[in-house]
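Taken from Swiss-Prot as is:
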type     : residues : note
ACT_SITE : Ser65    : active site, acyl-ester intermediate
ACT_SITE : Lys68    : active site, proton acceptor
ACT_SITE : Ser128   : active site
BINDING  : Lys231   : substrate binding site
SIGNAL   : 1-18     : signal peptide
Amino acid sequence: MLKRTTKIAFLSSFVALSAFSVSAEDMQFGVTPPQITAQTYVLMDYNSGAILTALNPDQRQYPASLTKMMTSYVVGVALKQGKIHNTDMVTIGESAWGRNFPDSSKMFLDLNTQVSVADLNRGVIVVSGNDATVALAEHISGNVPNFVETMNKYVQQFGLKNTNFTTPHGLDDPNQYSSARDMAIIGAHIIRDLPEEYKIYSEKNFTFNKIKQANRNGLLWDKTINVDGMKTGHTSQAGYNLVASATTSNNMRLISVVMGVPTYKGREVESKKLLQWGFANFETFKTLEAGKEISEQRVYYGDKNSVKLGALMDHFITIPKGKQSEVKARYELADKNLQAPLVKGQVIGKVVYQLDGKDIASANLQVMNDVGEAGIFGKLWDWLVLTVKGLFS
């Protein structure tokens, strides 16, 4: 594999989530994380995907109402694709009747009434209504099992290794589980893919049928940290769970997940500790700009002699504060002799980022333009060039 060290201009602006390979639990760089009381937790940077600190991040837990984040994702996609509309009126059937969910969170749906998709969606996100999840599941997919199947299709699509859903609401089931890492990834997808859906997560209250209920995410009221959403969950077996996301004035966004916290208030305290620690000790910056060339490479057997290399997506890394000038980058090609045909977006190597002598992240290196095949004489010439080159390598 060809390795080349190259100077890459690091940019300071921030945009959408990017896919990065990061060295997970080793991301602390000697920065001592806070003491967190939870069975499992994760702190992830939204833009880079870096895990800044974690405890048992892949341990399977009962998600409780964190399940509703995936329910919300399915609903948001259906709205975005025009399969359903906020103004659609949904008739509440027997299975979605609020009376079927005693001693659990609900929006108090009455049998045979009609409720808009917009209200039901808020019932899911803001007040964690179990009845609302069933009503939306039946409206979108015809029945709950079909809806759950769609939820699990997204589990596969997102590459989640420790998640399986059996309900849209999250009440405990032996075959329903998720992990802190997987919930952070689901949260990032909601923020990135469905910005209109994510806006609802910041709403502090929801009134339906003259019943006003508050969002259970108490961090939305905390003026010392800019939390703008995500979801709580609790059952006796799950303990207290919370996914929270917050931003800073320079557009850094973190996602925290705590699961299995012993107390209601504790999940907010532990989440806040994680978020404040992350913002105090780390910074995220853009390393590759979408569509911008970072290098040019010789191509053989092509109708062009060279091809531009770069990335089709913005890419970011997260490092300890004050370390940006110490980051080094190199690019590695899978094959030192690139051969046509090449297609725009084709991955031909990677850019590797290093700090303090350790590889900390990598991004796909892609072809920035198509390269077709050369004619017979061009191919013959390049064959001769490579043959001679091989004799001296």
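Residue 1 is the first one shown; counting continues down the chain.
In case you wondered, yes, glycine gets a Cβ from its N, Cα and C as well.
When the active-site residues Ser65, Ser128 are scored by other C-beta atoms within 10 Å, Ser128 scores highest. The recorded positions considered are Lys68, Lys231; of these, Lys68 has the fewest other C-beta atoms within 10 angstroms of its C-beta. Ser128 (active site) is 7 Å away from Lys68 (active site, proton acceptor) when you measure Cα to Cα. When the alpha carbons of Ser65 (active site, acyl-ester intermediate) and Ser128 (active site) are compared, the span between them is 7 angstrom. In the three-state DSSP scheme, the residue listed as 'active site, proton acceptor' falls into the helix class.
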